[in-house]
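Visitor: Features from TrEMBL:
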type     : residues  : note
TRANSMEM : A:6-30    : transmembrane segment
DOMAIN   : A:8-406   : domain 'Ammonium transporter AmtB-like'
TRANSMEM : A:37-58   : transmembrane segment
TRANSMEM : A:92-115  : transmembrane segment
TRANSMEM : A:127-147 : transmembrane segment
TRANSMEM : A:167-184 : transmembrane segment
TRANSMEM : A:196-215 : transmembrane segment
TRANSMEM : A:221-247 : transmembrane segment
TRANSMEM : A:259-276 : transmembrane segment
TRANSMEM : A:282-299 : transmembrane segment
TRANSMEM : A:311-333 : transmembrane segment
TRANSMEM : A:353-376 : transmembrane segment
């Protein structure tokens, strides 16, 4: 039975989640050097297009089609066939197409996150091929395992409200694999690679924050108390994450930075994502704060471990995603969501849920990392993954797109227009 | 004649310009430059990565004056540009052999 209010809410939330893509483009675009900003944004927009098309053709059916042994969906819904079929396993009061559109936007933003790991060196075409394969081979099965009630992890009682495993831990582990296959940017970490426009990054973070309210509160798939708590928790966690990151920076360097504020808010949002519909407001504050503090400490390890995850997808999304997914096992409570099979540690549920959440984290990493690594190596056998050295030096904007972002005083920073 | 060159903090350009106008200096040239003195640059922090920025933005001001006025012009610049903090800049004076006003062909003091 379709409910008008629920449908309106899910459709609005689908649009909010889509808005995260240009938000991410700005967030990432500001963090790269000026000669790479358009290429960065092109990859995010390109990923949105490729993933949306493939999601309709195959991805949605693999993730949410009729279940095959808890492992993957069948191809019955491929090409959005049978749009009037109910989504297997769910008791939805929204049209299946609204649900499909909402889930499509999740796949879009998750795939787009990978652009951050290959920033400043990955070829545009290779990136699009990679995210296309990745969304079908890595994302869709994971989404089935966790998001579909028929998936083998969900059936065991694993809780993931809006994607701590499928979106965050997955993108972090995949980003690490991609960064390792690609190799470091030329000159990293000796050369200075400071962000070229922190105002862009802050505007992008603000848009992400706004869209994230739809990402998490929309995951209730209905209007009402659960969506309300999820929205409130999401905002609180972002605030706590921002403060946590800045506190660490203040203690370490005496300078709370604007990039830290943006990063901390995102880390808080990441951490609350799996928990938004299971924890109360105080739990959300604790989870967001932990996400911010742990993430800032994690990104500082990048140079020590020697992998060039350019924009810290591993440190921010991967690590905070793990923090949030485990925190569900601590803070999940029946007072917020009576529908959950197991309660968290603090609600008297013992360690059972915590161990289930740990299993989900381990399975997600054990799937995402090697499969992404193989996909990247496979694509690399067919077409170069990286631009040639002179392309990196010249800037990807000019090299890959024959455009330049900025025209300062009539002098183009890079570009061929009019030449 | 002398060429007085000053390297200043960019935001001190306006008070220095006013001081020179009050002194009666009619022409001056400025350019945007970057560099550092003894204190070197500063450190910027991005997600835990610290970058040392050696070259800081400065303004270079050049003014041609009659030799007897040079010391007073230097004093006016120093007085207007001083904040007392690190990075206030430097002023130096060099001899000038000849000056020609291109429009009229006037030379030396007449050309100032």
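Cβ coordinates come from backbone N, Cα and C, glycine included.
Curation plays no part in TrEMBL annotations; they are all automatic predictions.
Remember, predicted model here, so these are calculated numbers, not experimental data.
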Visitor: Can you tell me which of A:6-30, A:282-299, A:311-333 gets the most C-beta pairs within less than 8 Å of the transmembrane segment (A:92-115)?
Guide: A:6-30
Visitor: May I ask you to check whether the transmembrane segment (A:259-276) and the transmembrane segment (A:353-376) make contact, with contact taken as at least three Cβ pairs under 8 Å and only pairs 6 or more apart in sequence counted?
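Guide: No, the transmembrane segment (A:259-276) does not contact the transmembrane segment (A:353-376).
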Visitor: Six or more residues beyond either end and a Cβ under 8 Å away: which residues meet both conditions relative to the transmembrane segment (A:353-376)?
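Guide: Same-chain residues near the transmembrane segment (A:353-376) but 6 or more away: 130, 133-134, 137-138, 141-142, 145-146, 153, 156-160, 165-166, 169-170, 173-174, 176-178, 180-182, 322, 325-326, 328-330, 332, 342-345, 385.
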Visitor: Any chance you could find the range in A:6-30, A:167-184, A:282-299 with the most Cβ pairs under 8 Å to the transmembrane segment (A:311-333)?
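Guide: Per the Cβ under 8 Å count, A:167-184.
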Visitor: Which residues of the chain, 6 or more past the ends of the transmembrane segment (A:37-58), have a CB below 8 A from one of its CBs?
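Guide: Non-local partners: 18, 21-22, 24-26, 28-30, 75, 78-80, 100, 103-104, 107-108, 111-112, 114-115, 118-120, 122, 124, 127-128, 131-132, 135-136, 140, 196-197, 200, 395-397, 400-401, 403-405.
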Visitor: Near the transmembrane segment (A:282-299), which residues from the same chain, at least 6 beyond its ends, have a CB less than 8 A from one of its CBs?
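Guide: Here the qualifying positions are 232-234, 236-245, 247-249, 260, 263-264, 267-272, 275-276, 312, 314-316, 319-320, 323-324, 327, 331, 333, 346.
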